[in-house]
Amino acid sequence: MSELIFRSYSELREKLLSKKVSCEAVTAAYLNRIEEKKELNAFIAVFKETALARAKALDAKLADGNAPGKLFGLPMAIKNNIAIEGERLTCGSKILSKFNSIYDATAIKKLLAEDAVFLGSANMDEFAMGSSTETSYFGATKNSVDPTKVPGGSSGGSAVAVASDCALVALGSDTGGSVRQPASFCNIIGLKPTYGRVSRFGLVAYGSSFDQIGVLSKTAEDAALVLEVIAGEDAQDSTTSDEPVKPYVNEVASFKLSGLKIGIPNEFFTDALDKEIEAVVKAKLEALKAGGAELIPVSLPRSEYALATYYILATAEASSNLARFDGARYGYRSEKQSDLMEMYTASRSEGFGMEVKRRIMLGTYVLSAGYYDAYYRKAQKVRRLIREDYLKAFETVDVIAGPTSPIPPFTLGEKMDDPLAMYLADIYTVTANLSGIPAISVPAGSTKENLPVGIQFIGKPFGEGTILSIAKAVASL
């Protein structure tokens with residue numbers, strides 16, 4: 001591998017600022033790596049000319065004596081549901097396959113202001129609906145650990161880009177586990193911040209009360225640095241919090257494992273959990289205990305209802321959010337146009353994939369007259385109870401730990417005809433989205449077949465610094 005491919009941004013930054021390497025050379029090396037690994041299908045589009053031009057401009061900025069940004073020269077991949085002005089914003093869907101964004105997302109503006117370099121847009125499950133990155137209109141993404149396996153989803157392209165050294169850091173989005181589950185499957189770190197910590201302006205909506213932009217990286221320090229840049233209140237997103245952005249990088253650097261109280265829910269270790277994954281996760285927890293942490297049993301009694309609750313509420317929000325894609329204003333328009341209603345119906349039927357249509361229909365059903373109270377309203381009540389379970393547990397512990405996924409990476413195509421089996425892959429991740437709290441997946445080891453296993457740490461609201469610090473501690477064990 002090229003000596004211009006790095007494992008951490010701190011290594012790259014030292015070389016860039018000492019002028020031992022140039023932004024242009026590093027960017028070119030990553031673009032070459034993307035070409036070498038194109039069979040993995042991690043990218044929908046590669047910004048070769050734009051990236052090289054930006055890198056060249058950054059080199060000139062440094063040569064002129066101007067202060068470099070916090071992310072100077074950081075090569076990044078961006079999930080293709082996050083708006084970048086002038087670039088295609090497809091959401092992995094036929095209906096938006098030719099749509100170009102006319103503005104930058106707030107997170108993108110913040111990254112650009114700190115001198116990051118965007119290498120390309122990462123592949124994803126269509127409209128972020130999936131757990132395998134197989135529902136993309138642009139084809140499935142393959143896991144770089146084992147190309148016969150899925151990389152997880154929906155941010156599978158972002159995860160593979162980082163895991164295969166085609167980007168140093170990537171942005172993804174997490175509605176029910178879409179950053180953490182692919183991070184687990186690809187043996188990297190995946191952070192979902194607290195709801196409202198990062199602006200959703202410019203993130204194409206799936207479930208507006210669940211969605212959060214997250215970070216995928218190989219080190220906790222890199223995730224902390226990028227979060228520090230993109231977090232914060234935004235006038236363009238009324239759901240962002242005015243909670244001050246903490247110095248996450250400093251928190252990670254000064255963290256001590258001794259005395260940390262880790263809650264272990266019995267509900268996360270059931271017969272549904274793969275036995276090899278259970279053994280790997282428990283071994284990592286014992287290693288944390290040996291390092292000074294305290295393991296404390298906790299209970300999350302309503303977690304058994306989490307998956308059903310999530311798929312009622314998230315699909316209801318998707319039904320509403322995706323109503324805007326009708327062929328009239330932008331996106332794909334069917335040639336069947338005998339009247340307006342036929343144009344609407346045909347454009348959506350032809351433009352959306354099977355999984356998206358399935359979730360729109362389910363969401364429309366639970367919102368319909370006669371079923372709203374039985375399903376949607378009841379699910380909202382259960383959502384509140386699930387959050388209360390977490391807040392009660394956090395009265396006695398600092399974080400909650402368990403497996404990220406109940407199963408290891410599965411074979412491409414294995415679950416495409418069984419949506420319920422696919423949905424079960426989210427069983428441990430959806431509770432953090434339902435509760436609006438931060439969570440992170442960290443590599444914990446591997447199965448006998450050398451497939452990655454992730455361990456998940458769920459934190460208190462706005463406790464990103466703590467879970468990022470634990471991620472660093474786990475990496476050193």
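Cβ atoms are placed via backbone N, Cα and C, with glycine included.
Record features, source Swiss-Prot:
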ACT_SITE  LYS79  active site, charge relay system
ACT_SITE  SER154  active site, charge relay system
ACT_SITE  SER178  active site, acyl-ester intermediate
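Structural mapping of features recorded in Swiss-Prot.
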{"residue": "LYS79", "record": "active site, charge relay system", "Cβ neighbours (10 Å)": "31"}
{"residue": "SER154", "record": "active site, charge relay system", "Cβ neighbours (10 Å)": "34"}
{"residue": "SER178", "record": "active site, acyl-ester intermediate", "Cβ neighbours (10 Å)": "37"}
* Measuring Cα to Cα, how many angstrom lie between SER178 (active site, acyl-ester intermediate) and LYS79 (active site, charge relay system)? -> 11
* Which state, by DSSP, holds SER178 (active site, acyl-ester intermediate): helix, strand or coil? -> coil
* Between LYS79 (active site, charge relay system) and SER154 (active site, charge relay system): CA-CA distance (Å) -> 9
